[in-house]
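Annotation source TrEMBL lists substrate binding site at ARG22, HIS138, THR359. The annotation domain 'Aminotransferase class I/classII large' is assigned in TrEMBL to 42-387. If you look up TrEMBL, you'll see GLY113, TYR114, SER184, HIS212, THR240 marked as pyridoxal 5'-phosphate binding site. Per TrEMBL, the feature N6-(pyridoxal phosphate)lysine maps to LYS243.
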Amino acid sequence: MSKLIAALDAQLAQIDAQSLRRRRRITESPSTPRVQVDGRSMLAFCSNDYLGLAAHPQIVEALQQGAELYGAGSGASHLISGHSRAHAQLEERLAEFVAPQIDNARALYFCTGYMANLAMLSALAGSDADLFSESLNHASLIDGARLSRANVQVYPHGDIEKLSALLAASTAAKKMVVTDSVFSMDGDLADLPRLLALCEQHDAWLVVDDAHGFGVLGAHGRGVLEHFNLRSPNLVYMGTLGKAAGVAGAFVAAHASVIEWMVQRARPYIYTTAAPPAVAHALLTSLDIIEGAEGAERRAQLQNLIVQWQETLQLSKWQAMESSTAIQPVVIGANDVAMQVAANLYERGIWVPAIRPPTVPAGTARLRVTLSAAHTADDVVQLVDVLQQLEKGA
Ligand SMILES: *Cc1c(COP(=O)(O)O)cnc(C)c1O
C-alpha cells in the first residue's frame, strides 16, 4: 500500500480509538421534525431550522418560481455577471430588515455563513489589527481570523473584564472584538450591550455572528441586535439564512462604507460563483414570513417549547445547560457514553446528535438538542420521557 494512504489510515484508526469517528446519516425527506432516515421515520431534534421554514410550501414554491425566472445557476461571480436582480432585491430587503439596528445599513449576500465570516474578518482586519476573539467562537470565525493575519487574542468565554484589560493594553491601529451572539454548542447569549459599550469606548469594531439569532430573536425576528435594542456605527453584523430562514446562505450588514469595502476587497466574496438566483428569490418569501404575523406565531410556539423543556426535564447525573434559546444541550461527559446515549435514543426513534471534541472541550461531550417551531408539545414530552429513562439505566 502507498505510504501516504497508510499514514492516513493510521490517523483514522486513532480517531476510532477515541470514539471520535463521525458518520453521516442519509436523509430521504425534507428537514422536518419527522424526517425519513434509512427508510425509517425519526423524531428529530437535530436541525437548526428553528422556525420550521425549511419545508414551508410558500418558500418551496418561491424557489421553483425563482428557477423559472432565473434558471439553475448564476453563471459567474458577483463582480463578473452573476449578480442577478434577485440577489440585488434580497440585499435591499436585508438592509431594510436590519435598518433599525444599523446606521446607513447595507447588506451583502453570501453563499454560506462560513464564507461570510472569512470575508468579513479578512477584509476588515489585517496585520495592523488586534482581533479579540471569544473562546467559544464558531470555527468559521476562527478561520476568518487566521486568514486576516491580524494579531489574534482569545479571551475566555464571557470574561468581559479580561477583554477590557486586553483592549486597554492594545496599541494597534485597528481593534476588533469578534463574538457569536448565541453560542452554538451551549445555547447561551453573549452580553452584547456590555461588549458594545466597551468597543465604543476603545474605538473598536464589534463583529457579531448571529447565525442562531437571526429570525428567532427580537420581536420581528431581526435577531440579537433587536433583542438587545442595540444600534451603533461600530457594529458589523452577520446573519445566516440556512438556519431559521430555512433556505441557504448568509449576509453581512453594516454601514454602507464597510460593505463597499468588502465588495472591493473581500477575496472570499470576489473569487467565488454567486449562489443560484432562485435561492435569493426564495429568501424574499422567507423574510416576509419571518417579519409577518406567521413569524411571530412561530417564534411564540418555539418559546413555549423551550419553557416546556426547561420546566419538565429532570436529570440527576447528566446536566442540562442553562440556555434560553432553541439550543438546549445536555452534557454527558465521556465521548463513548454520549455516543451510546445518542445510539439508544436513535433505537427508540429519536434523533439527537452527540457533539464531541474538538467541537466542544474534552470531557464535555453532549447531546445537542435543538427545538423548532415545527415540533409539538407531544414531541417534547417524548424526548423528555425517553431521556429520563435512559439516564436511570445508565
Ligand atoms: C452555522 C454557523 C455558521 C456557518 O453558517 P453556514 O451558512 O452554515 O455556513 C457560522 N457561525 C455560526 C455561529 C454558525 O452556527
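Even glycines carry a Cβ here, placed using N, Cα and C.
A map of TrEMBL features onto the structure.
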residue	record	DSSP (3 states)
ARG22	substrate binding site	coil
GLY113	pyridoxal 5'-phosphate binding site	helix
HIS138	substrate binding site	coil
SER184	pyridoxal 5'-phosphate binding site	coil
HIS212	pyridoxal 5'-phosphate binding site	coil
THR240	pyridoxal 5'-phosphate binding site	strand
THR359	substrate binding site	coil
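Comparing HIS138 (substrate binding site) with LYS243 (N6-(pyridoxal phosphate)lysine), their Cα atoms are 15 Å apart once rounded.
Considering only the residues assigned to pyridoxal 5'-phosphate binding, GLY113, TYR114, SER184, HIS212, THR240, the longest pairwise Cα distance works out to 14 Å. For the residue listed as 'N6-(pyridoxal phosphate)lysine', the nearest neighbour among the binding-site residues GLY113, TYR114, THR359, judged by Cα separation, is GLY113.
For the pair THR359 (substrate binding site) and GLY113 (pyridoxal 5'-phosphate binding site), the C-alpha distance works out to 17 angstrom.
Around GLY113 (pyridoxal 5'-phosphate binding site), the same-chain residues at least 6 positions away in sequence with a Cβ under 8 Å from its Cβ are SER140, ASP209, ALA211, MET238, THR240, GLY242, GLY249, ALA250. The maximum pairwise C-alpha distance among ARG22, HIS138, THR359, the residues recorded as binding substrate, is 19 Å. Of all the binding-site residues listed (SER184, THR240, THR359), THR240 sits in the most crowded Cβ setting, with the most other Cβ atoms within 10 Å.
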